[in-house]
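Following: one structure in structure tokens, then a few remarks.
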């Protein structure tokens, strides 16, 4: 279509294929010339592309006629998995609201959990851990939404503050499957205009089986930039605007006509109603919300024209939109089909022009699900709900998705361009369509504006949109599907008793049984036939006859025959006559989408195959894999360039959607970027890459291209091949239509188009256990537009005659059968040599394997090899008289495939299926010279499970006219008539010697209800073997008394063909019976191949005694203590390792220590003076490492300094722990990726540059003045993120541990076979070619024994230190646990039940235990964490196991970690029984090194000289003391730099071990911080154990005096006067201690906001200075039996309130201060400013723990506005001081405060009503009152005067004077 000329397939065709129909080929060329642009005829472009030759080690046939060979015959089905979602809610900040009581709820699916309620704060601190367990298929589980909401808690109806949503898939796709220390942005779903509602700091992790959780350090509690650390994936913008997601549903077609209601079916039966029995509606789900359309009654082709509108922040944290079509039922609705659209595939997150918003369609979505039968009960309903692969087409739906950014802020501009493009109608559609679309858009815009005015919530809206009844009749094109069945074999006997036929369908076309109406063209089969054009044009100018094509989508039913040699399989005799199917379907012409996908997929396939080829080159150690890799990348660049040049032309397509254009641009831009990278790799621009790195980069390219291949907008539905038994569907294969699509341009053609592809049919739905193949079908399929129909037969194997369905049809129809008249006789030789790594099918953990080899209609079986997982058959199976039809050259290029199935033979019952593989035979024709083929491994698969490898090769030999005598001769058979594999095919063997180290067996479980007591190990390889001695009593000593043995065996010279080595352990029982206990098979021996070691001679030449004497002399001369080298030798440390030699002055070497990286970012200031190679210089200014005598004094000095610095905090082991934690955290911050390979520091350089936890002031001084002798440095230890074994290769440097398996292997436990492990074998192997002359063999001692300690019992003192645990799984219903420790070692069990820690998931144990043990009997240490229960048995939370023996004997010296500094006493006292000089002397002796020689200022080992300070000055006496311990310790830390024998020695450390529970295998149940020390009893006794008991929190009392308030806002208004006032009082408490809230008295009627209080609050609390946290111990609720302890930052809350008499008090403002870090107070009320307070920098903040006493003004705020100021004084005293100098609360004794001098207006109305009248009325209005009073008297006088005047006058007149 686009004319990209990647002539891969064409070139091959031209190289030597004989075409059946040359005219068709010519006409195809003509068609191509007519249709394509002139550039398409450029021939040379094809040369850019290399041949698609098969590059796998399996010899496969040429891919010209057949599709690429796939050895995996079945895809695995979707399996349920266990997942654990762990969420830690740390704290919230900036929550919106006033005086809120926030509580956090977490909802995942139907599960809901809730945190505790925090009172009266907008910044609550929780630090609570929640765990959710889910089981289900990954793909569906990852759509679950985690919804975290923060509510304001009320007794009735909590109020939502804000919420946050993210789906599990987004979390799982993060590095380490987790978000760590991130801030979730909270928004109000009810009103999206209100913006941010606060931030919630949390960790979210999603862990599957076997996933390892990477721990991240908790960041400090200081003010961190929240906006820069939001909980969003990398690459997302920090500000996410709101957006509307429109999902427009136009119509659906071809839905299954089914109604789930019984009455509907009854009605149909009686009335004969032919209406569509389906009432469809669509449900769209996104981001945890769901909207549904209206129901269209009785309609299989419904039209909705409705849009579902979601509102979500963009980009969303939920990946998929779920579209589900339902059938409404009277009882319940039934899902018809489900489809998911991944937003990542319809958008691009990149910035700039490259990025585009999610956009989709309008495009059809093809729906798949269960078979379209109209049965009432659907057995496969799960498929319709999206579980598993759909087995049938269930209609299609026309959908459009668009996104509109709502925010009017700056973000809109970023997306506006894309949005406009999205809104524009497609110009490629005709004008009618454009108008309709435009109208729809306008209407939609109008509606959406209306809607936004109506509601701003995130509620889903569903509304109709106006479009013409028909959007635009998309231009349908007719496609022809043609298929020819070449082989149908391996048909299961159960379904082979009825006639078998095959049906091929695409959509509902071709589906004759239950297809329903044909959608698309809406034509009946008859009318469709009439319109068809002649397809196959005569090439010789004959007139083409326009005869319609009948539809033939099903082969003729035929009764199958029984396969020769295997009654379980039947076959259909398609020998000379190959049945064909063909039919026409009608679909929208958007095949350009599939063409682009095919081009990209071919690029990805080619690159992947090339990478595999390079890997093979590396395996067989051939030269120049680098050059090959560069060639591969060059080819990739040329292919990409060809694609880009075509894509940049942006060819005009009909029916192109916005997404089509955007995707095409994205594809070429991505390829352009990849090309640039590939060029950089070829030219090695940035840095020189190794081959492995180049392969890794190329693999990334493949993954990127594969992502682009997947086309979200469907076009032609998938093709289904169904096998019908008596018209009943029994098995199917599903093929993507793009793989079959034809294009005149070779590069755009589907990879299986016009090729014979082998399909293994599978039954629909869940597969039964032990299922095998249903049928093997070889079918040729071709799908393409009718205009290309002349090419349907082009690639068929030549030599056929086309047989038409009816004689009158002419020759222009597709044939109904292909007749291959030519036949040839072949012989197949199956050379079955051996297999390895098979699945265990018997209860004893072994199998009795045999193989069935099936070829065409023949099957043969190998002999059974009993009781093995690595059988060697060495058998040749001969298949004679095989008749193959067709051209002989075609058969040579594309032979039929051989299927090998492996079974386990059982005495009772049928054989058990172990797996299968597919191979292509090597063909040799009669006229070719014979060359013996090479054996190679074929991978075996049992379903999705890897089932081992088969070493075999298959030859297909053409029988010449002279008969079988003309074939290469075979070796004569043995007595049982079994032919061996010919000698010229068998591998070339050499004599090897296998040395075996037998150490012992461990952890043996019961076998057949009896304990193992007398085990023996049997080693077997290549038919030879050796037995160990029998252990006489496993209980007393599980080690073998004879340590080593050897045997000789003939092994292939090619290392890749080496047979497996099997380890079997048997138990000898009474009466000479033996029982197999367990087995282990080593499939790859390469790890045990030993090269002949030349360096052995020099090592033995070294005089082993001389260095010892020298050392001892020099020691006596220089060291007063006399560290003698001849001290007791524990049996350890005897192994050599090659390490690069360091520079002469080793100590400052920059070589890194990967595992030590966490603690070693800086070089040590203390060691810097020692680095100079000065021998006898006087001591420098630097702080000396004190020798033993003065160390007590130095410890005192340390104590003093620390006490001055950190609130009388005594230096102890925890000081070292917190310093190490801080160091580790800083190292991770500097190196966030945590690259272990970082090489900037050494353990000896880090040992001292450490700050103490609580203080920062001195840290800076340490950095600035590293040599300041006034400041001591804390020693630190190494804190490992994982267990110690993972850092030191499991301590398997001297012996390896092999797990012995027993019992059947199942797919469920693959990879985590914990239940099958019956015990462990400890030993090792050394394999090397046998020396030619026997004299050169080692005399006496075997090579493998050199350096191995004796394995007699050793008594050891073991100290186990348990520091803390974190993230334990909750064991109680309330989501907490009461953990305690149980330790088991042999028969010793220590239960620490009394010391359980109540209600805690992150307990600090600080416990140490001492056990005496005897190795090897008691060598497995188990540490279990139990949950303490008052009633019932205690529950196990998790356990971890440590093999102490491996550590004890390891050359890494894991018995006691080397400390960073040498000291005699104090917190860092030397723990080991041997001093550093003694350890060094012993290491040199064991490794036969010359030395150590001690000289002043240096130590010499061989030719290495280590310089450093050895003379120290005693401060008190000014005496000089000589000590070599410090320098010796430094040498030990650099031991890995010693040439040949050096290795890393274990430093003082804490390991973090994961805890597991047997009921949840592979799922972490928490982590444990601990370490183990071991001391042999034959050495001097060690000192007392380290005291790691937890620090007790220190008691403090905070005295807060509230003096005055100013400018408090006035809330009340006088009803008479309108004057504002407030009745002010202040409330205060420490966060977490809300029960101890304290209030001042009320300052009534404050008219200015001023309040006078003179009121004292007293807050006693417990505090840990090192952790800067307050410890709160309280009962969780009234029903709790025990108090729980929690740690929280010490935060003081002060609030100002307005007192109300009749209603609840009014909240006016709050002030929260972290007592560790709060802004300085203002000196006056005027200077007190809210902005200054909130924006105070860390440097200006102060700590009450340093200042002790602070007084000043601080601001109150409400909704981020200043609402008042308070003058307060804070005074911090310790509990002891508070007891000595107590003060009274409020204004009470002792030390009472004076009453405040309040204004006269301050009083209560109720208490003093007259005062109230006086002050509020009389004082303000007295003149008005007086005037009013006078006026009233005057008025009364006047009234009385007027009233009495007439009477008086009349009386006067009458009476007279």
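Using N, Cα and C of the backbone, Cβ positions are placed for all residues, glycine too.
Quick caveat, the model's predicted, so the values are computed rather than measured.
Features reported for this protein in Swiss-Prot:
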type     : residues           : note
BINDING  : 842, 848, 904, 906 : Ca(2+) 1 binding site
COMPBIAS : 448-459            : compositional bias 'Polar residues'
COMPBIAS : 1113-1129          : compositional bias 'Polar residues'
COMPBIAS : 1190-1200          : compositional bias 'Basic residues'
DOMAIN   : 65-181             : domain 'C2 1'
DOMAIN   : 1338-1457          : domain 'C2 5'
DOMAIN   : 1578-1729          : domain 'C2 6'
REGION   : 15-63              : region 'Disordered'
REGION   : 426-469            : region 'Disordered'
REGION   : 1101-1148          : region 'Disordered'
REGION   : 1161-1203          : region 'Disordered'
REGION   : 1224-1246          : region 'Disordered'
TOPO_DOM : 1-1824             : topological domain 'Cytoplasmic'
TRANSMEM : 1825-1845          : transmembrane segment
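Recorded features from Swiss-Prot, shown on the structure.
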residue: 842; record: Ca(2+) 1 binding site; Cβ within 10 Å: 19
residue: 848; record: Ca(2+) 1 binding site; Cβ within 10 Å: 19
residue: 904; record: Ca(2+) 1 binding site; Cβ within 10 Å: 20
residue: 906; record: Ca(2+) 1 binding site; Cβ within 10 Å: 13
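For the transmembrane segment (1825-1845), the residues of the chain that approach it from at least six positions outside its boundaries are 1817-1818, judged by C-beta separation under 8 angstroms. According to DSSP, residue 904 (Ca(2+) 1 binding site) is assigned to a strand segment.
DSSP classifies residue 842 (Ca(2+) 1 binding site) as coil under the three-state reduction. According to DSSP, residue 848 (Ca(2+) 1 binding site) sits in a coil region rather than a helix or strand. With DSSP classes pooled into helix, strand and coil, the tally for the domain 'C2 1' (65-181) is 12 helix, 60 strand, 45 coil. In sequence order, 841, 846, 847, 849, 905, 911, 912 are the residues of the same chain, not among 842, 848, 904, 906, whose CB sits within 8 A of the CB centroid for the Ca(2+) 1 site.
For the domain 'C2 5' (1338-1457), residue counts in helix, strand and coil come to 12 helix, 53 strand, 55 coil, using DSSP.
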